[in-house]
Amino acid sequence: MKGGVPLAATRAIPVLNKNNETNFQDHSVSMLKKGGMLRAVIMGSPGSGKGTISSRINKHFDILTLSSGDLLRFNAVQQTPIGVKATKYMEEGQLVPDNIITELVLESLETHGQGKHWLLDGFPRTKAQAEALHKASPVNLAINLIVPSDVIVARIAGRWTHISSGRIYNTEFNPPKISGRDDITGEPLSQRVDDQPENVRRRLDVYMRSMQPVIDFYRESGILTEFKGTESNKIWPEVFNFLSEHVQPDVPLP
Ligand code: G5P
Ligand code: MG
């Protein structure tokens, strides 16, 4: 995501890239098998690597990736009314109310997702969000990353983020070229307030409670695929191969 355009006084939707010209309506599972549009979600606990895997998907496939957390943080930085409202929930590690986040994500999809394959990171987080998304545009592929909690807590402590682009670094796993600076813009990186250890524990609790009905919803729909592991570098080739069965990659794995 680069820069931002306020669409209305209450919210800001970042400018996204990637184009393709296919039909937005083709989104059922059978249509995906026949080469229709990908309507995907990536799920997993806080710190499981959703953002890491999504950014690799974005580099290798012509798939628009959209993170609900990045959208919220972007609005928080822009101090839009939605951003201001969402900040207190995010800082406490609580979920932002369904109506706020659903409106933001669906509007962003309408603005940027028409005629494109897309994948949502961090949305839906509740059954109500899953149902709202299903009504607007049914998902045909759900990915769930399963990473043990003890691995996650250690990872998050080392995370640094470039807020306006959503680019993620980790002091051990993928450090920036210059310490504390974004590789592309050179702007300073920040640590997320919700990455404090007690907030991480709360987010993990909230995740477990709110996500089970969502995971069950996609499992029962027959579109759930789970990837288990402790390292994103090992999970990524599996996700790449799986996605390649549905969408032609632009850039092969090295
Ligand atoms: P977010 O922004 O959606 P979370 O909590 O779901 O946040 P998070 O923390 O962004 O998820 P992630 O994207 O799954 O985690 O993980 P990541 O950023 O890729 O990786 C974590 C760190 O580990 C990074 O530093 C990365 O470099 C490193 N790493 C990755 N792989 C490896 C590895 O193999 N080894 C090592 N050593 N390191 C690795 O949501 C934030 C808040 O926004 C609100 C909520 O308040 C939420 O708490 N929100 C919503 N509220 C309601 N409904 C929704 N739909 C909402 N969406 C967001
Ligand atoms: Mg993330």
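Here the Cβ of each residue, glycine as well, is placed from N, Cα and C on the backbone.
Within the set 37-66, 67-96, the record from TrEMBL flags 67-96 under the feature region 'NMPbind'. TrEMBL lists S68, R73, Q94, L95, V96, G122, F123, P124, R125, Q129, R192 as binding AMP, and of R181, R201, R203 the one it places in that same site is R203. Residue annotation for GTP gives G47, S48, G49, K50, G51, T52, R159, I168, Y169, S232. The furthest Cα pair among them is separated by 14 Å. In terms of C-alpha distance, the listed binding-site residues S68, V96, F123, R125, R192 place R192 closest to R159 (GTP binding site). Neighbour count (other Cβ atoms within 10 Å of the Cβ, all protein chains): 26 for F123 (AMP binding site). Taking G47, G49, G51, Y169 as the binding-site residues under consideration, the smallest Cα distance to Q94 (AMP binding site) is found for G47.
Checked against ligand 1, the binding-site residues G47, G51, S68, V96, F123, R192 give G47, G51, S68, V96, F123 in sequence order as having a Cβ less than 6 Å away from one of its atoms. Close contacts with ligand 2, defined as a Cβ under 6 Å from any of its atoms, occur at G51 among the binding-site residues G47, G51, Q94, V96.
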